[in-house]
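Chemist: Quick one: the structure is below, questions incoming.
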Amino acid sequence: MSKIDKPLDSWREELTEEQFHICRLGGTERAFSGEYHATKTPGIYHCTCCGTALFDSDAKYDSGSGWPSYFQPVDAEAVRELDDFSHGMHRIEVRCGRCDAHLGHVFPDGPRPTGLRYCINSASLKLVPRES
């Protein structure tokens, strides 16, 4: 997968204020406020910044957290995971594997088959519905 590396000013021009704050500055949307937290539409969730396929709706589940949650990405290269020591705790940050957009965090409290909960900001995603 070819990487995308753009200056922040370019991203600022292309994204909404909320998307820029979350994806490029590492922000977090309020729980239960995002467009996709309760969506059940079948499809693929893509990175809002670069269009890379990230998560399949087949891996989405209601974690009760208020953010879209998935038990796995579409493939291992779609996302990358980094240690995050912000806010006085240790978490694993999830970023887009292609453009390095901040997506959310992954926690070890998800359902089978992976036991993982990818807790993702709606503003970092764009759902492309499956054709019926």
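Each residue's number is its place along the chain shown, starting with 1.
Cβ atoms here come from the backbone N, Cα and C positions, even for glycine.
OK, Swiss-Prot features for this one:
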| type | residues | note |
| --- | --- | --- |
| DOMAIN | 8-130 | domain 'MsrB' |
| BINDING | CYS47, CYS50, CYS96, CYS99 | Zn(2+) binding site |
| ACT_SITE | CYS119 | active site, nucleophile |
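Show me how these features fit into the structure around them.
Modeler: Mean pLDDT of the predicted structure over the domain 'MsrB' (8-130): 97.
Secondary structure from DSSP puts CYS96 (Zn(2+) binding site) in a beta strand.
Its own atom aside, the Cβ of CYS119 (active site, nucleophile) has 23 Cβ atoms within 10 angstroms in the protein chains shown.
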Chemist: So if I draw a 10 Å sphere around the Cβ of CYS96 (Zn(2+) binding site), how many other Cβ atoms end up inside it?
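Modeler: A count of 26.
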Chemist: Counting every protein chain present, what is the number of Cβ atoms, excluding its own, within 10 Å of the Cβ of CYS99 (Zn(2+) binding site)?
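Modeler: Within a 10 Å radius of the Cβ of CYS99 (Zn(2+) binding site) lie 19 other Cβ atoms.
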Chemist: If you count Cβ atoms within 10 Å of the Cβ of CYS47 (Zn(2+) binding site), leaving out that atom itself, what do you get?
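Modeler: Its Cβ has 25 other Cβ atoms within 10 Å.
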Chemist: Show, in sequence order, which residues other than CYS47, CYS50, CYS96, CYS99 on the same chain lie with their Cβ within 8 Å of the centre of the Cβ atoms of the Zn(2+) site.
Modeler: ILE4, CYS23, THR48, CYS49, GLY51, THR52, GLY97, ARG98, ASP100, ALA101
